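Q: Sending over a structure as structure tokens; questions will come in a sec.
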Amino acid sequence: MERTFIMIKPDAIKRRLISRIIQRFEEKGLYLAASKCVIPKREVLETHYSHLSSMPFFSEMVEDMMSGMVLAMVWVGKDAVSIGRKLIGETNPQAASVGTIRGDYGVSTGKNIIHGSDCVENAEKEIKLWIGDDVQPVSFFDKEWIY
């Protein structure tokens, strides 16, 4: 089974959207394998978003992400990365389809509620960065029913 990294950002936590977001992943048949609530450190954010470091909004984004808790999660299931991306929607909530997390709850590109890995390789890097190596294997007792 494939793993993906999903992070609920401070704007969603401040708006009390955690349960609504988690419900969408569970309803799609993904399993929550690990989670961690943390106020992110600058170093972790700079590593996570290193591909955006030359962008003019980078410093403001890092400061905003440090403004409150994030919920870092590992979700497991068949095609977990692509399912996660479809559930999340476009980066810009204004362009995201209604029915996606960002389309329904996002306010702006800077307040877009959630992060999701874009490929399996990045998912594994992000899981290691945010959660570490302590993710236990998931028992799929209902695998045949879901898949």
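Every residue, even glycine, has its Cβ placed from backbone N, Cα and C.
The ATP binding site feature in Swiss-Prot is assigned to Lys9, Arg85, Thr91, Arg102, Asn112. Residues or ranges marked as active site, pros-phosphohistidine intermediate by Swiss-Prot: His115.
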Q: Among Lys9, Arg85, Thr91, Arg102, Asn112, listed as contacts of ATP, what is the widest Cα spread in Å, to the nearest whole number?
A: 15
Q: Which residue among the binding-site residues Thr91, Asn112 has the fewest other Cβ atoms within 10 Å of its Cβ, if you could check?
A: Thr91
Q: Do you know offhand how many angstrom separate His115 (active site, pros-phosphohistidine intermediate) and Lys9 (ATP binding site) by C-alpha?
A: 7
Q: May I have the list of same-chain residues other than Lys9, Arg85, Thr91, Arg102, Asn112 whose Cβ is within 8 Å of the Cβ centroid of the recorded ATP site, in sequence order?
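A: Counting only non-site residues, the set is Ile88, Gly89, Glu90, Pro93, Ala96, Ile101, Gly106, Ile113, Ile114, His115, Gly116.
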Q: Taking 10 A as the limit, how many CB atoms besides its own sit near the CB of His115 (active site, pros-phosphohistidine intermediate)?
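A: Neighbour count, Cβ to Cβ under the 10 Å cut-off: 21.
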Q: Quick check on the binding-site residues: of Lys9, Arg85, Arg102, whose CB has the lowest count of neighbouring CB atoms inside 10 Å?
A: Arg85
